[in-house]
Amino acid sequence: MVERQGIRGLVAHLILWVGIAVVAFPVYLAFVASTQDAASIANGQMSLLPGGHFLETYTRTIFVGTSGSTREPVGVMLFNSLVMALVIALGKIAISILSAYAIVYFRFPFRMWIFWMIFITLMLPVEVRIYPTYKIAADLNMLDSYAGLTLPLIASATATLLFRQFFMTVPDELLEASRIDGAGPLRFFWDTLLPLSRTNIAALFVILFIYGWNQYLWPLLITTRDDMQTIVIGIRKMITTSDALTEWPMVMATAVLAMLPPVLVVIVMQRLFVHGLVETEK
Amino acid sequence: MSNVTLRNVRKTYPGGVEAIKGIDFAVDDGQFCVLVGPSGCGKSTLLRMVAGLETITKGEIDIGGRVVNDIEPADRDIAMVFQNYALYPHMSVYNNMAYGLRNRGMPKPEIDTRVREAARILEIGALLERKPRQLSGGQRQRVAMGRAIVRQPKVFLFDEPLSNLDAKLRIAMRVEIRKLQRRLNTTSIYVTHDQLEAMTLADILVVMNGGMVEQIGNPLEVYRKPASTFVASFIGAPPMNLITLDADEIRAQFSGDARANTEAGILGIRPEDLLISTEAAASGGLSLDLVVDAIERVGAETFVYGARARHGEPAISARPGELPPGEVIVRVPGQNAPAVGERIMVTAPRERLHLFSADGRRRIDL
Ligand SMILES: Nc1ncnc2c1ncn2[C@@H]1O[C@H](COP(=O)(O)OP(=O)(O)OP(=O)(O)O)[C@@H](O)[C@H]1O
Ligand SMILES: [Mg+2]
């Protein structure tokens, strides 16, 4: 490309590279910081090349935790975050695909009414309904539990809408052929609709996993116990007001660790898409 | 026994559209029945009612001596081939055919035998592991047929199965469907709007119009004795010439026949029954003076379009798809035809003439 478009291509590439550098540099810096010793960061003499404390910092971060502010190792936080992100992503997909199935394929009273109800909840993100949601979670004894972390975030209008639109593009004849082939509603869902939705499910999973992983406000409210903390909250708590007490290498190591699972999910899913393991079949 | 009987079947869609307005007919065991009619006349609706995909508002549908009104499609012992084939896109050809059998709990070896036998008959044995999207239109069509065959149903239902194929393949598959049906001897109901398909496939032809049956019968019988002008112009291509019997010079030819004089309002002659000739037809026959205004040569035959000379009125098209009033088509075998502008006389013997009541709804046999 560069050869063919000459100078203009070169300029375009240059701009792109600058863009990448701007985005990637802080990430690189975080990694570098996580491999240096705390003192050199604190007094502002951090080198731009990785230091020699990689293994030491990361083992301590994952298995021991910081000495002061949070008493849990980051491994626990990672686990909590993972549970939360997975349950939210899978739960959202399961609930929304089922409700979309009901709305598209079954005639029941107030069908459209229910659909619009779901649709309207789109306008009420967690932050808007946070007080009543918290109240309910507290009354149901869900504080400091995985149920409390995940259940209130599972209902999903966006995903329902997405599946509804997809189901409407599936030809009616497939349902009719299934009926003639003796497949009841559940069989049709399981044998035909679900496999056809694989691409949508995979794409949604990526989005929803990251959504769940990055939750901040809700876990902050619902968890008080240290062993229920998610990693995003953990990072926040590691940073104490006095700069000197903050163990910056470990904070940075935690930040790097917090980035890894979402990146991994994207890469793995990307592979699946590229290798045609999940592909559109229509 | 797997005959299909419809008794006063009606269908009103929820929106209030009356799609089927009372239909009675019976298809005997092993017969090939073709439903034909213009778009929107209710063919698909009727077929889907037999399949159980559409509820029956009124009347009864009976398959093999059992009223199936309230029976699920899967339990009606039918198989259907859809216009767009409706193959399961994520299943291999093999699984597409086996799916229905598995759902019925058939043992694996038997499924395998049936699928392989069907694949052999349809010559798709090499494609069994492919997905539908890796197949050509014609191959998909075969798989759809295969899915129907493996069930060994009492009745095959086809809804325009060939309309997505190109002209050549359509003819090949048409012949093949007919052969297959003869071989399996399975009662079949086939929907099409192509009159050629209808004529060539049918044991019995059901011509539908506006949710009602216009005529039922053996296809050649329908061709020879159309019951109404609708059937007359629908069956046969190019369509039958229909001439209003207002001109005295035509009416005069039926002077001997009282009914023709009083009841008949429309005269029909098929293009292939008209003969270019130099002398007037024998008594009772029809002679028309035409001025040739267009010629269509298709090789084996030539269509001559002529305006009725003595009428002299200009040729104005009445409705799209219809001949202008006074225009007559003559089918001439071979490639010899008069020149445009030439005056010709065409004749038809009396026994080839069709008479209909003035509203076109009733045939008058002389
Ligand atoms: N689901 C439906 N709801 C309401 N009206 C319908 C429905 N399906 C079909 N109709 C109407 O019923 C009539 C018959 O439709 P049908 O599909 O049976 O026609 P068809 O003879 O198969 O036509 P084509 O040759 O175009 O397929 C049409 O007037 C159509 O508009
Ligand atoms: Mg139709």
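Cβ atoms are placed via backbone N, Cα and C, with glycine included.
Curation plays no part in TrEMBL annotations; they are all automatic predictions.
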With the ranges A:146-167, A:190-211 to choose from, which does TrEMBL describe as transmembrane segment?
A:146-167
To the transmembrane segment (A:146-167), which of A:12-31, A:82-106, A:248-269 is linked by the most Cβ pairs under 8 Å?
A:82-106
Determine whether the transmembrane segment (A:12-31) and the transmembrane segment (A:113-134) share at least three Cβ pairs under 8 Å, counting only pairs 6 or more apart in sequence.
no
